[in-house]
Amino acid sequence: MVILVGGTNGLMALKVAKISGLPLCYSHVDRYPDGEKYFRFASNIDGEDVVIFNSMHPNPDEIIFETLLIAETAYSNGARSVTCVFPYFAYARSLDTVKGEALPIKTVVKVLKAAGVKKIITVDFHLQENVFGVEHVDLTGMEKLAEYCLEEFSDSFTVLAPDEKAAFWAEKFAAKANCDVVALRKIRIDAENVIIDDLRTGVEGDVVIVDDIVSTGGTVCQAARIAKRAGARRVFVACTHAILARDAMMRILESGIEDIVSTDTILSPVSHVSVADVIASALS
């Protein structure tokens, strides 16, 4: 088995290779003057199980195409199998659509299967189910995030899930931290705006808002204000994937949130927790 580093989050791929002891597969990636992508394996992969390592942020469309190009080329050069590690997997917002609306995850799944991908490894996949039609291993960063929060934020807190879906991850986090969980109910208005119901019970002491993704920050900011109104002393945020789109970081800090931490599935200023060892264990 060899690891091929894609166009994003090469640092984590290098960590995984070092921890697992798996060799790196070298390649040459370039771009023609007209914008077309060039790819070539610089290592012999004949008979190898190739692990393509790519995180789908930023520019998920670019990463998806690059992954397809690499997978196809791997088989053309004698690879025995192709596994894709996507620490962050984009286009997984929902399986629900209205008439005339695209369902991108369906298209992404089709093209990955067509390219011969045999196994997909993700971390805290948003849809919480296997939609790929191939072997899917979904890992979690919640236990490591809980450990970090206990050491760096507070030794006692209540976990707050900002919506019903986030309760799935909040429960994992709370199990490790040995603390209570409270879940809010959210109604999404559009891509950036949500309405969240108030807490029906008060909270005391510190609160950690737990979710898989923080993108614009709208959800966690509203949840933080609700927690404060309910009696929280300090509010922190822990997430697996910190996209932090546009002015999200400023919005979060201005909302009264003390601090935010994420894993390194997406590199950001708050990526203080590494899940490289979790991924390395899944590859061993």
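Keep in mind that glycine also has a Cβ here, set from the backbone N, Cα and C atoms.
Residues or ranges marked as ATP binding site in Swiss-Prot (evidence: sequence analysis): ASP34, GLY35, GLU36. The Mg(2+) 1 binding site annotation in Swiss-Prot covers HIS126. What Swiss-Prot records for ASP163 is Mg(2+) 2 binding site. The active site annotation in Swiss-Prot covers LYS186. Per Swiss-Prot, D-ribose 5-phosphate binding site is recorded for ARG188, ASP211, SER215, THR216, GLY217, GLY218, THR219.
Following the DSSP three-state reduction, the secondary structure of HIS126 (Mg(2+) 1 binding site) is coil.
Apart from ASP34, GLY35, GLU36, the ATP site neighbourhood in this chain, defined by C-beta within 8 angstroms of the site C-beta centre, holds ARG31, TYR32, PRO33, LYS37.
Checking each of the recorded positions ASP163, LYS186, GLY218 against GLY35 (ATP binding site) by C-alpha distance, the shortest gap belongs to GLY218.
Look at the Cβ of each of the binding-site residues GLY35, GLY218 and count the other Cβ atoms within 10 Å; the largest number goes with GLY218. Geometry remark: THR219 (D-ribose 5-phosphate binding site) versus the residue listed as 'active site', CA distance 8 Å. Neighbour density for SER215 (D-ribose 5-phosphate binding site): within 10 A of its CB lie 20 other CB atoms from the protein chains shown.
THR219 (D-ribose 5-phosphate binding site) falls within a helical segment according to DSSP. For ASP211 (D-ribose 5-phosphate binding site) paired with ASP34 (ATP binding site), the C-alpha to C-alpha distance reads 41 Å. In three-state terms derived from DSSP, ASP211 (D-ribose 5-phosphate binding site) belongs to an extended strand segment.
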